[in-house]
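Only one structure is covered here, and it is reproduced in the block below.
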Amino acid sequence: MINVYFSDNSCKQFLPGIKGSDIITHLFPELLNKAIAIKINDKSLDLSTEITEDCKFEVITLDSDEGLDIIRHDTAHIMAQAIKEMFPEVKTVVGPTIKDGFYYDFSTDHIFSSNELEKIEEKMREIIKKNESFIREVWTREEAIRFFSNKGEDYKVKIIAKIPIHENITVYKQGSFIDLCRGPHAPSTKISKAFKLTKVSGSYWEGNTNNAQLQRIYGTAWRTEEELKLYLNNLIEVEKRDHRKIGKELELFHIQNEALGQIFWHEKGLIIYRIIENYIRKKLENNGYIEVKTPYLLSKTLWEQSGHWDKFREHMFLSEIDNKVVAIKPMNCPCHVQIFNSKIRSYKDLPLRMAEFGTCHRYESSGALHGLMRVRSFTQDDAHIFCTEDQIIEEALKFCNLLMEVYEVFGFKDILVKFSDRPEKRAGSDKIWDKAEEALKASVKAANLNYVLNPGDGAFYGPKLEFTLKDAIGREWQCGTLQMDFVLPERLGAYYTGSDGKKHHPIMLHRAILGTIERFIGILIEHHSGKLPIWLAPVQLSILTITEDAIDYAISLKHKAMKQNIRAEVDITNEKINYKIRSHISKKIPVLWIIGKKEIETESVSIRYLESKDQHIMSSDKALKTLLSCASI
């Protein structure tokens, strides 16, 4: 008999060879219609898996995240089968699951078009309707290579060659289709009913642009048609909010091939950038930070000393000057340690909070670049706090409170915190790890934030907090970080003289609130759908004239507003007023003042707000006072 242990710590005995599905039938009949796979000793396996030794047993159900991932994995296989039946000459490559869906890469001379996706979906539904079983088989390496070679599936042969010798080669069959796969899969194709193929794009074998180009078909799959419909509607909303589209429409920025991964900020976009930068600068100043500026180009020797050369070299932009290798900095932290080291420090100088709006450069493949969200050149709202062990708790608390104040101002109130504690391999003593971890927990608790534990995911040099924002349509964006560092100050020879007269290495807290200004602006644009708060809008007020007689009055109002630091513009064109209103609404201008004969006579303005179709008249002085009350923070 074998002992099978369950999540409630109970244990049952069974004959060796019992299938996972049989255990569910005997002990969990209420899960029969929900079970999609099982876990044996934390490894996900098919329901049909035979259990031959003592183990821990769990059921994976359709309503779990893992269950949904299996549905998507199944659907990727079904799509590959459909395409092989429709286009026999196509070679299959890989088909993993991703966030909200899946994709499959194919090698073929046939160019897939978006118009073909519906036909592929129809073929997939035929396969699903047949309720074909997913059958797992274990093959020898020789059998697998021979089979896929005979089928002309060159990429599968390449994948097999990279599988370690000691690992089994497993394949899955459904109908006439056989694919190299570790699994697990559902019992049959019938579960994958709610799906949609979403787009076609190019890709490269192993993600390397020097390799053969492939075609990638993306899809999404869900448990029910209702979930699918909700997701697809959300996709439409995401497309409407795309910061690249809005950024172009509002003339905020652009990107071009001659400077991939770098932003051309236009006048209005730079206004937003500077408002954010100056707001953060003022908050830092009020919270005891000093601001510094460090070089962009630094010698290879500094990156070797810091440890970044070994771990980060492939992401650096390198050059050679005077026969010496230099790198454009990918991060600011080693530079800040140099400033710390520039003079003798005492414990009385700590904590030292050092901030920089540091422009950094990191290599990202062209395929990974995405508007403002993923770039090669970016500016961090970076700061490093040099402190003693005894100051960690207070500094972490202050940072959490500052971060929450900033997020609320920008319209984010739903914040998820992830706490990553000590990994197995780490630097520093258990005592300092205990103190650091307790400090982070205490800071989150004091800020009235709940956290999710990310066990063992801290860096080898210290634990960390990650702060994730939830936007208006429920998407999550990781922005803020607080990272303890016990190692870099020691590597770079940073020390202070303690009250005992001895030298001590400071603790270094790496921290950021926005992450990068570029990405944060992209998030803001999508969160607000381009309709930024009045204080952040590049143009806060547009004054529109109905007749030529109103031009002088409109211009005088503009000057009056600008003297009060209102960002105002005036439209004195000959267009009809309704056209002007539509035009300025499309530019997301938060406040419109409309000026006609009546307004001139009464020294008033007719006000229309971006989110309202109503107009109301107010004296120009009162209208300006009202605008001033919300035009800055």
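Glycine is treated like the rest: Cβ placed from N, Cα and C.
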Co-listed Zn(2+)-binding residue [Swiss-Prot; alongside Cys333, His384] among His185, His510, His527, His528:
His510
How would DSSP class His510 (Zn(2+) binding site) in three states?
strand
For the binding-site residues Cys333, His384, His510, the one whose C-beta sees the most other C-beta atoms within 10 angstroms:
His384
For Cys333 (Zn(2+) binding site), the three-state class that DSSP assigns:
helix
Look up His384 (Zn(2+) binding site) in the DSSP assignment and report helix, strand or coil.
strand
